[in-house]
Each structure stands twice: as structure tokens, then as C-alpha cells.
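Here's the structure, in C-alpha cells; my notes come after.
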Amino acid sequence: MHTLTHEGGHVLGASHDQSQPKSWIRNDPGSLECLWKEGYIMSYVDGGAKHHRFSHCSLRQIRNVIIMRGRSCWTVSNTAHTNQGKYPGMEVAPNAFCKNVFPDKANVTADMNSPRMRECMVKCQYAEYSEVCYYGRCRTYVKTYFTYEHALDYMYCGDRQVCVQGVCGGKTVTPPTRPTEAPATQKNRNYRNAGTKYWKHRVSLRL
């Protein structure tokens with residue numbers, strides 16, 4: 001959705017933030033005063049919640065084009081089907097969302113108990129297992145690889161709230177009855193089998 005919104009901004013006249021006025025658009029104000037590093041939609045920098053919003057420079061550029069083009073620019077002619085009141089986070093399960101982040105990996109989950117869900121950042125992760133045995137003693141090593149992705153609108157973010165444009169708040173919702181937990185949050189356990197001793201070791205690695 002971010003890429004679609006970014007490109008839609010270009011179509012409506014918004015330049016990348018911190019850009020000179022465009023000579024081919026009459027009265028284009030440019031966006032020099034809005035710094036690229038601030039991380040709004042028209043920047044590639046991830047500014048957190050700001051990355052879900054246009055800077056005031058982008059809004060000014062879009063307003064200029066819409067006023068210049070007149071009513072034909074904003075009249076809705078699309079007759080496509082829409083689902084009023086439904087948002088991506090209502091339709092896409094967290095684990096399915098994370099599976100798209102790591103499409104070629106197994107054991108992919110979304111850690112909905114991660115503290116960063118309060119920032120509307122989903123912790124997507126997958127676990128890889130390996131076992132090493134010496135003289136009847138075996139150790140199972142678990143490496144959990146993870147990354148953070150911006151939550152979809154209306155994804156649950158704790159305290160019966162949802163994410164809206166990168167902010168945890170929105171209206172209250174009924175939370176999932178069994179939120180997904182990370183493999184890394186499970187407690188370490190010892191395993192025994194036929195006299196062989198097993199230990200499980202866990203490591204988390206951010207990608």
C-alpha cells in the first residue's frame with residue numbers, strides 16, 4: 001500500500017520531499033522545506049508513523065494540481081466494487097502477512113506479543129533448528145530470524161485497539177482469543193530420550 005500511495009502522490013503532482021519546484025507544472029511550490037530525512041510518504045526513509053502521511057509540502061503540491069485541473073480531476077467516475085468499513089488488517093491474518101515477508105521460509109509467524117506492536121510494527125520471524133550430538137549428549141539449537149514491518153490498518157495492537165496509519169489507537173476491537181507467539185518466547189526445556197540428554201538453546205537474529 002505504501003508504494004501505491006507514493007506513486008499516486010507523484011501522479012497528483014507531489015515530488016519527493018526536499019525537491020525543487022517542477023518547471024512543467026504551473027505554480028508548483030516544490031518541497032524544499034520538507035526534509036527527506038523526516039520520512040514522510042514521499043521519502044524512502046522510514047519515519048515511523050510519518051511514513052503513513054504526506055508532508056505539508058506534498059499536500060500543497062497536490063492541492064496546486066487539483067485546483068489547476070478543476071472539477072474533472074476530483075470527480076469520481078470509478079464504478080468498481082468497494083467494501084465500506086473493511087480494512088486490510090481485518091482481512092489478512094498476521095501469520096499470512098508475515099508469510100509474504102518470508103515467502104520461501106517455513107515456520108513463519110507473527111509475534112503479536114512483541115512490545116513494538118504498540119508502535120504498529122509487526123515482528124515477523126521464522127525459526128531454524130539444528131541438532132549436534134557428542135557422546136550421547138545432544139544439543140538442539142534454535143535460531144530465530146526476524147524483521148519488523150509496518151502493520152496493516154486495523155491490525156490488533158493491544159489493549160483492544162487497532163493500528164490506523166501507523167498509530168495504535170483507532171476504535172476498540174475484540175482481540176484475538178489466541179494471539180500468535182514467537183518461537184523465541186517459549187521457555188527453554190530439557191529433553192530426555194533413551195538415556196540421551198538433550199538441551200535446547202535459542203538465539204534471535206534480526207535481519
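Cβ atoms are placed via backbone N, Cα and C, with glycine included.
Just so it is clear, the model here is predicted, and its values are computed rather than measured.
Among the candidates H16, H56, the one that TrEMBL lists alongside H6, H10 as binding Zn(2+) is H16. Per TrEMBL, the stretch carrying the note region 'Disordered' among 1-24, 73-96 is 1-24.
Same-chain residues with CB within 8 A of the center of the H6, H10, H16 CB atoms, the Zn(2+) site residues themselves not counted, are E7, G9, A14, S15, I41, M42. DSSP gives H16 (Zn(2+) binding site) a coil state; it is part of no helix or strand.
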